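Student: Pasting a structure below so you can have a look.
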Amino acid sequence: MNHTSQAFITAASGGQPPNYERIKEEYEVAEMGAPHGSASVRTTVINMPREVSVPDHVVWSLFNTLFMNFCCLGFIAYAYSVKSRDRKMVGDVTGAQAYASTAKCLNISTLVLSILMVVITIVSVIIIVLNAQNLHT
């Protein structure tokens, strides 16, 4: 397709996508060998496995890696989250759930330990400042 035909096609359609309509059609199909008056009803059941949503906690792990990386637990949680996402893309739901569970535990421990360290640091600074003020008075 050369450039002039492409320009002609886009100019003819006005640059907008074509308008599609849904057409519903029904057909009757008679079974071979069966009389028309006594048609048997057959039921077909199709079991469709429902898509299991496995949370991989990648965003939480990335946040912990960037902002609360206590003893590199956030980075390890991020690695497990990526493994969980890879397993989910392959279709291994059990493996994805196992990696996601490990990532969740690591994220919780990272969050708790990091908050605990922030609180200990703030309390330590307050105690040091108060002791320094008492020594100067």
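Every residue gets a Cβ built from N, Cα and C, even glycine.
Sequence annotations record features per position, and here Swiss-Prot assigns ubiquitin cross-link to LYS24, LYS83, LYS88, LYS104 based on similarity to another entry. Marked as intramembrane segment by Swiss-Prot on the basis of sequence analysis: 58-78. For CYS71, CYS72, CYS105, the entry in Swiss-Prot reads S-palmitoyl cysteine. The region 'Interaction with SPP1' annotation in Swiss-Prot covers 60-93, and the record cites similarity to another entry as its basis. The feature transmembrane segment is assigned by Swiss-Prot to 110-130.
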Student: Taking only the Cα atoms, work out how far LYS83 (ubiquitin cross-link) lies from CYS71 (S-palmitoyl cysteine), in Å, as a whole number.
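Tutor: Between the Cα atoms of LYS83 (ubiquitin cross-link) and CYS71 (S-palmitoyl cysteine), the distance comes to 20 Å.
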Student: How many Å separate the Cα atoms of CYS72 (S-palmitoyl cysteine) and CYS105 (S-palmitoyl cysteine)?
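Tutor: With distance taken Cα to Cα, CYS105 (S-palmitoyl cysteine) is 14 Å from CYS72 (S-palmitoyl cysteine).
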Student: Measuring Cα to Cα, how far is LYS104 (ubiquitin cross-link) from LYS88 (ubiquitin cross-link) in Å?
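Tutor: Their Cα atoms are separated by 16 Å.
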Student: 10 Å Cβ neighbour count around CYS105 (S-palmitoyl cysteine)?
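Tutor: That number is 13.
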Student: Taking just the CA atoms, what is the gap between CYS105 (S-palmitoyl cysteine) and LYS88 (ubiquitin cross-link) in Å?
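Tutor: CYS105 (S-palmitoyl cysteine) and LYS88 (ubiquitin cross-link) have their Cα atoms 19 Å apart.
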Student: Provide the number of Cβ atoms within 10 Å of the Cβ of CYS71 (S-palmitoyl cysteine), excluding the reference atom itself.
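Tutor: Taking all protein chains shown, CYS71 (S-palmitoyl cysteine) has 12 Cβ neighbours within 10 Å.
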Student: Using DSSP, tally how many residues of the region 'Interaction with SPP1' (60-93) sit in helix, strand and coil.
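Tutor: Counting residues by DSSP class gives 30 helix, 0 strand, 4 coil.
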Student: Sequence gap of 6 or more, C-beta under 8 Å: which same-chain residues meet both conditions with respect to LYS88 (ubiquitin cross-link)?
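Tutor: In sequence order, the residues whose Cβ lies under 8 Å from that of LYS88 (ubiquitin cross-link) (at least 6 apart) are VAL54, ASP56, ALA96.
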Student: With every protein chain in view, how many other Cβ atoms are within 10 Å of the Cβ of CYS72 (S-palmitoyl cysteine)?
Tutor: 12
Student: So, in DSSP terms, is LYS104 (ubiquitin cross-link) helix, strand, or coil?
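Tutor: Once the DSSP labels are grouped into three classes, LYS104 (ubiquitin cross-link) ends up as helix.
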